[in-house]
Amino acid sequence: MAAPVGRTLLGLARGWRQLDRFWAGSSRGLSLEAASSSSRSPWRLSGALCLQRPPLITKALTPLQEEMAGLLQQIEVERSLYSDHELRALDEAQRLAKKKADLYDEEQEQGITLAQDLEDMWEQAFLQFRPGARETEADKKNDRTSLHRKLDRNLVLLVREKLGDQDVWMLPQVEWQPGETLRGTAERILATLSENNMEAKFLGNAPCGHYKFKFPKAIQTESDLGVKVFFFKALLLTGDFVQAGKKSRHVWASKEELGDYLQPKYLAQVRRFLLDSDGLSCL
């Protein structure tokens with residue numbers, strides 16, 4: 001008799017545990033759904049691309065740098081060993097001196113001045129070399145839509161977009177789409193710029209900066225306050241931003257020129273992740 005009663009009590013206990021799990025799961029699902037709906041952010045997310053063209057040539061040396069470079073070159077020459085060419089030239093000079101003293105065998109005459117001939121050829125090639133101009137035609141015309149300007153500086157791509165009834169200069173940006181990463185949003189910007197004509201190397205998966213702005217009160221709601229923009233750096237490898245008939249919609253600007261285009265609050269946030277051009281890293 002005791003055994004059937006024990007089995008009955010055990011079955012009732014199992015049934016209560018199943019009911020508890022069911023109600024707990026149901027309440028948890030309802031609470032998660034309520035939390036997700038209540039925690040939905042009123043801010044839209046956007047990704048922005050900080051596309052930089054790194055310097056193509058070195059900066060011109062200052063007088064102090066030129067003096068230091070000359071001093072280091074002098075120290076290098078004084079402490080260095082003879083190169084193979086210099087040893088060969090010294091050997092040929094000794095053989096030539098023996099020839100003048102009638103101590104030189106005519107069978108060894110071949111190639112006496114070969115090292116000197118090489119030096120003469122190199123000297124002629126050096127005299128014919130003309131270095132490229134540091135100032136390009138775009139620099140002379142102040143054509144900021146051209147990528148071939150300020151070759152010793154970093155340049156950043158800015159575009160002019162329509163926001164409401166205003167034309168605003170900014171870094172290229174688009175709205176984030178569900179299912180993609182913020183870096184994926186920045187990569188999508190690059191793909192749409194100039195019809196996939198540019199290739200760039202992204203510097204990491206994390207944003208280098210952010211900026212947020214609120215919508216005008218006329219269109220602002222409790223569930224739609226404004227936009228949070230996350231910036232991603234990328235270095236231009238190949239290509240150029242070329243759009244026929246839209247040359248006034250983009251510029252390649254140096255750090256000092258950003259103030260001519262960007263609004264003060266936006267510029268202050270952008271400058272936080274743009275290093276000085278004389279720094280060790282890009283921009």
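Glycine residues also receive a Cβ, built from the backbone N, Cα and C atoms like all the rest.
Long-range C-beta contacts of Lys217 (N6-succinyllysine), restricted to its own chain and to partners at least six residues apart, with a cutoff below 8 Å, are absent. What Swiss-Prot lists as N6-succinyllysine is Lys217 (among others).
Per Swiss-Prot, the feature N6-acetyllysine maps to Lys228. Taking Cβ-Cβ distances under 8 Å and a sequence separation of 6 or more, the neighbours of Lys228 (N6-acetyllysine) in its chain are Trp43, Arg44, Leu45, Ser46, His210, Tyr211, Lys212.
For Lys246 (among others), the entry in Swiss-Prot reads N6-succinyllysine, with the evidence type a large-scale study or a structure entry.
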